[in-house]
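**Student:** Sending over a structure as C-alpha cells; questions will come in a sec.
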Amino acid sequence: MVYKLEELEKRIGYIFQNRTLLKQALTHSSFANEQRINRIGSYERLEFLGDAVLELVSSDFLFHENPQMPEGQLTRLRSSMVCEPALAYCARDLELEKYILLGKGEEGTGGRNRDSIISDVMEAVIGALYLDGGFQAAHRFIHRFVLSDLENKILFYDSKSVLQEMIQGMSGGVQLSYALVGEEGPEHDKQFLVEARLDGQTVGCGKGRSKKAAEQQAAYQAILALRKQTGENGTDRHVFKEH
C-alpha cells in the first residue's frame, strides 16, 4: 500500500507529511467496515471538507476570470464544473480509481467505476491536501487537475447543454432527441448505448454506465460532428444516418 501511495503522490505532485490522510481519502466505507475500522476512518469527513474547499477555489477562479458574468450564470457554470460527472472525469485523468480501497461487495458490483464514488474520492483528496499542506496545496491541486483545460472539460461534461444551445441557434426548428439503442454487460456492470438524433438522424453515439452518462457522451460526439460539418459542409446534413 505504501508503494501505491507513493505512486499517487507522484501523480498529484505532492508528498504528504501525514500519509495516513491520503490513505483515509482513498478508503470507502465498505472497506472500513470489512476491516472493522471506525466509519470515521473512511473518506466521508474528508470529502465534506474537500467539497467546501473546492467550492471556494472554483468560485474565486470564476469570479476573477469572468468580471462581466452575472451571478446566476456564474452559479450555473460552477455547478457544471464541480458536479459528479465532472469530478469523476477529472479523477479518471489521474487514474484515481486505481487507488480506491473498496470492500469486496462494493468491488464486485462495479463500485470502482462508479462516478459517485470516484468523485467523492476526488473531493476527499482535496480535503486531505488542505489538512496536510494548507490552502495553497489544495489550491494548486484544484487548478492543475480540475480548472485546467476548462473549455474542453465543460464541453465534455456539460455537453447536453452545449448541444442544446447549438440546436437553438439553428434555423428550421430542428428537434433534438436521445434514443437508447442497446445495453451491454452484466447487470452489476452494465453499459448503455445511446444515440443523439436531430430530426431522427443520428449525429452522435455514446456509451456509459448510466443512461445519463451515455447521453452526455452522445451529445459530445454530436457537437464534434456538427462543428466539423459546419466547417466543411456549411449546414448540410446529408452525412447523418437516418432512421
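Keep in mind that glycine also has a Cβ here, set from the backbone N, Cα and C atoms.
All TrEMBL annotations are machine predictions without curation.
Checked TrEMBL, it gives:
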type     : residues              : note
ACT_SITE : Asp51                 : active site
ACT_SITE : Glu123                : active site
BINDING  : Glu47, Asp120, Glu123 : Mg(2+) binding site
DOMAIN   : 5-134                 : domain 'RNase III'
DOMAIN   : 158-228               : domain 'DRBM'
**Student:** In Å, rounded, how far does the Cα of Glu123 (active site) sit from the Cα of Asp51 (active site)?
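**Tutor:** Given the Cα positions, Glu123 (active site) is 6 Å from Asp51 (active site).
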**Student:** Work out how many Å separate Asp120 (Mg(2+) binding site) and Asp51 (active site) at their Cα atoms, rounded off.
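**Tutor:** Cα-Cα distance, Asp120 (Mg(2+) binding site) to Asp51 (active site): 9 Å.
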**Student:** With an 8 Å cut-off on Cβ-Cβ distance and a minimum sequence separation of at least 6, pull the same-chain contacts of Asp51 (active site), or say none.
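**Tutor:** Once residues fewer than 6 apart are set aside, Asp51 (active site) is near Glu123, Ile126, Gly127.
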**Student:** Cβ within 8 Å of the Mg(2+) site's Cβ centroid: which residues qualify beyond Glu47, Asp120, Glu123?
**Tutor:** Tyr43, Glu44, Leu46, Phe48, Gly50, Asp51, Ser119, Val121, Met122, Ala124, Gly127
**Student:** Using other CB atoms within 10 angstroms as the count, which residue among the recorded positions Glu47, Asp120, Glu123 scores least?
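**Tutor:** Counting other Cβ atoms within 10 Å of each of the recorded positions Glu47, Asp120, Glu123, the minimum falls on Glu47.
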**Student:** Need one number: mean pLDDT over the domain 'DRBM' (158-228).
**Tutor:** 88
**Student:** How do the residues of the domain 'DRBM' (158-228) split into helix, strand and coil according to DSSP?
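**Tutor:** When I sort the residues of the domain 'DRBM' (158-228) into the three classes, I find 31 helix, 25 strand, 15 coil.
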